[in-house]
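Asker: So that we are looking at the same thing, I have put the structure below in structure tokens.
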Amino acid sequence: MSETIKERSLNFVEEIIEADLKSGKHNGRLLTRFPPEPNGYLHIGHAKSICLNFGLAQKYGGGTNLRFDDTNPVTEDTEYVDSIKNDLRWLGFNWTNEMYASDYFDQLFKYAKKLITKGLAYVDDSSAEEMATLKGTPNAPGVESPFRNRTVEENLNLFDGMANGDFAEGSRVLRAKIDMTSSNMLMRDPIIYRIKFAEHHRTGDKWCIYPMYDFAHGQSDSIEGITHSICTLEFVSHRELYDWFLEKLEIFPSKQYEFARLNLTYTVMSKRKLLQLVNEGHVTAWDDPRMPTISGMRRRGYTAKSIVDFCDRIGIQKRDNLIDVSLLEFFVREDLNKTSTRVMAVFDPLKVVITNLPDGVVEPCSLENNPEDPESGHRLVNFTKEIYIERGDFMKEPPAKYFRLSPGKMVRLKGAYIIQCDEVIENEGGSIKELRCSYIPSSKSGADESGIKVKGVIQWVSASEGLKSEIRIYDRLFKVEDPSSEEGDFKEYINENSLEIITAYVEPVLKDAKPGDRYQFMRNGYFVPDTDFSPENLVFNKTVGLKEGFKVG
Ligand code: ATP
Ligand code: MG
């Protein structure tokens, strides 16, 4: 089969770019940007936008600016700036320039004055309620403000006064003078500057007026010479305004293109909602492994490759849709299967005493680290007199064709010996306390001369050498596929049982686990050391199960 990326048909943005490059527009130059507002951590939806913007630049030999869209002083913070840069690097992307919309405040102020001078902007003293009333509705035209026909000079003076802090917050705004009867409500004299006596994370208290999104975004694109400004569908109606400002200001004509946001099942994807989950304690932090944030997924054990592969696979659409999270998990599993070290961990231990192995004797057994990767080598695991097996791997009264352990029967211990169950010791209530077994010394894996054939292989951990470890097992954060579209508050649909903590016995080698190491706990799934992990306090997160199949409950 020769299915290569080359053969995938072009998506609509690629078609536009190829046409632009062919026609020699911008002299063949391509510059995209990724413009996060630093008011939260990046989530998987952002990853989609990142892969698209950086991916296009890589494919067509262009560049991508990282621009912090930090024009709203109230919600932004440098903590978020740092986390965004960290997540981008982890995903494997390098930006051409690191920019801040707030660096353009002086330029934007000049642009506003230019519009005033051209008779295309005015200071409005109306209250917010008055402005809302005069704006009209989609079916009824708006009415012009009584302040709309101030002279250029008066407007310049008042706007300077706003910038000087002469007026109270909410008392005046600067508006573009466009068309109060436009069918596009955003063209009905949109507000472009408002007074806000707020400290900005970068400009401090230098400004007490701040530009609105629509007066900052397109201009920032233009200042940087962005050729293709790609954003999500909710900005379709803003495009007319975007073009209007660049045209009236007579500056570089960046162009905006829109694609559908990524939505995933069983989660929410807006920073506002994610912040609520954090602030109200439904999760522990932005990087809680149940969060759809990049940092949460990293902590959960998802690889950057699996996230990028997922984004490539889903492509881009022009209509909103909901993608099944199991598709993302498919890519995670696919990558982890190739790269993770196999180890044994017993989640529900049943003690087994090997009666014919003398006290204190250890039998080193060699186990393969990763059958998918011949380079990964082997490790030695000591077989000892007392071991734990999974309680579910023993049955006192087994059905026919049960190949694991049962009274009088034999099974192979993974990488070690065949054992036979000779005696079952029960507690008073009849529950099983431990098993007495004998091992077949000539049956060692890799050097088996016993001639005995057994069908079952089970895993085990030495009771004396295995380590107790905390295992965090996650389920979906929400009980319904699309919590945002349900009636009432989205938090009513939180799955209260999304975290289960158990104690397990794991192979001693896991004491040396490092952040970023990835393991397959055989038969149990893929696991990573949590950020809470230390050699004295072993904590692992379950990344994903070995096979698809999740139950919410
Ligand atoms: P949120 O709704 O989560 O607060 P946002 O759009 O306000 O998201 P920004 O920081 O402004 O977040 O987003 C930066 C870029 O990422 C924008 O270009 C935005 O369109 C894009 N983006 C955000 N969410 C998604 C998503 N779910 N799917 C695709 N792109 C997204
Ligand atoms: Mg935003």
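Each Cβ is built from the backbone N, Cα and C atoms, and glycine gets one as well.
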Asker: In TrEMBL, which of 36-46, 58-68, 146-156, 421-431 is tagged motif ''HIGH' region'?
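Answerer: From TrEMBL, the annotated motif ''HIGH' region' range turns out to be 36-46.
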Asker: Of 178-182, 268-272, 313-317, 398-402, which span is tagged motif ''KMSKS' region' by TrEMBL?
Answerer: 268-272
Asker: List, in residue order, those binding-site residues out of Glu37, Ile44, Lys48, Asp69 with a Cβ under 6 Å from any atom belonging to ligand 2.
Answerer: Glu37
Asker: Tell me which residues of the chain lie with their Cβ under 8 angstroms from that of Ser270 (ATP binding site), as long as they are six or more apart in sequence?
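Answerer: Correct list: Ser484.
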Asker: Give me the CA-CA distance between His46 (ATP binding site) and Asp69 (L-glutamine binding site), in Å, as a whole number.
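Answerer: Cα to Cα, His46 (ATP binding site) and Asp69 (L-glutamine binding site) are separated by 14 Å.
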Asker: Could you give the number of helix, strand and coil residues in the domain 'Glutamyl/glutaminyl-tRNA synthetase class Ib anti-codon binding' (341-439) as assigned by DSSP?
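Answerer: DSSP composition of the domain 'Glutamyl/glutaminyl-tRNA synthetase class Ib anti-codon binding' (341-439): 6 helix, 51 strand, 42 coil.
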Asker: Would you mind sorting out which binding-site residues among Ile44, Lys48, Thr232 put a C-beta under 6 angstroms from ligand 1?
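Answerer: Those binding-site residues that pass the cut-off, since their Cβ is under 6 Å from ligand 1, are Lys48, Thr232.
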Asker: Using Cα-Cα distances with a 10 Å cut-off, which of the binding-site residues Ile44, Lys48, Thr232, Leu262 are near Asp69 (L-glutamine binding site)?
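Answerer: Neighbours among binding-site residues: none.
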